[in-house]
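As annotated by Swiss-Prot, Mg(2+) binding site applies to ASP80, ASP82, ASP84. The Zn(2+) binding site annotation in Swiss-Prot covers CYS81, CYS97, CYS104 and rests on sequence analysis.
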Amino acid sequence: MNLQKISKKIDLKKGAGLIPTIIQDFYSGQVLMLAYMNKESLEKTIETNTTWFWSRSREELWNKGATSGHFQYVKSIHIDCDGDALLIKVEQLGPACHTGNRSCFYTTLI
């Protein structure tokens, strides 16, 4: 499927141009992180086979692993039934979280 067809399936209007993206370990199924993508970051992700996101705080694109070396290699991309959320299954190199934890979801609330 080409980029134009993929872009048509995604509803970027609901999230003001951003789409929440869940990152999951391809092999273990562990949820690693949640980040946001825009059209450009999704295109770069598909083109490079590594994850790219939109930083809401810095207001810029960032390639996961570019600084740390903890790249995420894309195995598959899925869209939810409403077209307003993505699930990307990756091969994760090293920890996904900036704290050094494997997953950003390491704190139990209940």
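Here, residue 1 is simply the first one shown, and the rest follow in order.
Here the Cβ of each residue, glycine as well, is placed from N, Cα and C on the backbone.
Locations of recorded Swiss-Prot features on the structure.
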{"residue": "ASP80", "record": "Mg(2+) binding site", "DSSP class": "coil"}
{"residue": "CYS97", "record": "Zn(2+) binding site", "DSSP class": "coil"}
{"residue": "CYS104", "record": "Zn(2+) binding site", "DSSP class": "coil"}
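Cβ neighbours within 10 Å of CYS104 (Zn(2+) binding site), excluding its own Cβ and spanning all shown chains: 17. Cβ atoms within 8 Å of the centroid of the Cβ atoms of ASP80, ASP82, ASP84 (the Mg(2+) site) belong to the same-chain residues ASP11, LYS14, ILE79, CYS81, GLY83, ALA85, site residues excluded. Most other Cβ atoms within 10 A: among the binding-site residues ASP82, ASP84, that distinction falls to ASP84.
Among the listed binding-site residues, namely CYS81, CYS97, the Cβ with the most fellow Cβ atoms inside 10 Å is that of CYS97.
Residue pair ASP80 (Mg(2+) binding site) / CYS104 (Zn(2+) binding site) shows a Cα separation of 21 Å. A separation of roughly 25 Å, to the nearest angstrom, links the Cα atoms of ASP82 (Mg(2+) binding site) and CYS104 (Zn(2+) binding site). Of all the Cβ atoms in the protein chains shown, 13 others lie within 10 Å of the Cβ of ASP80 (Mg(2+) binding site). Cα spacing between CYS97 (Zn(2+) binding site) and ASP84 (Mg(2+) binding site): 24 Å, rounded to the nearest whole number.
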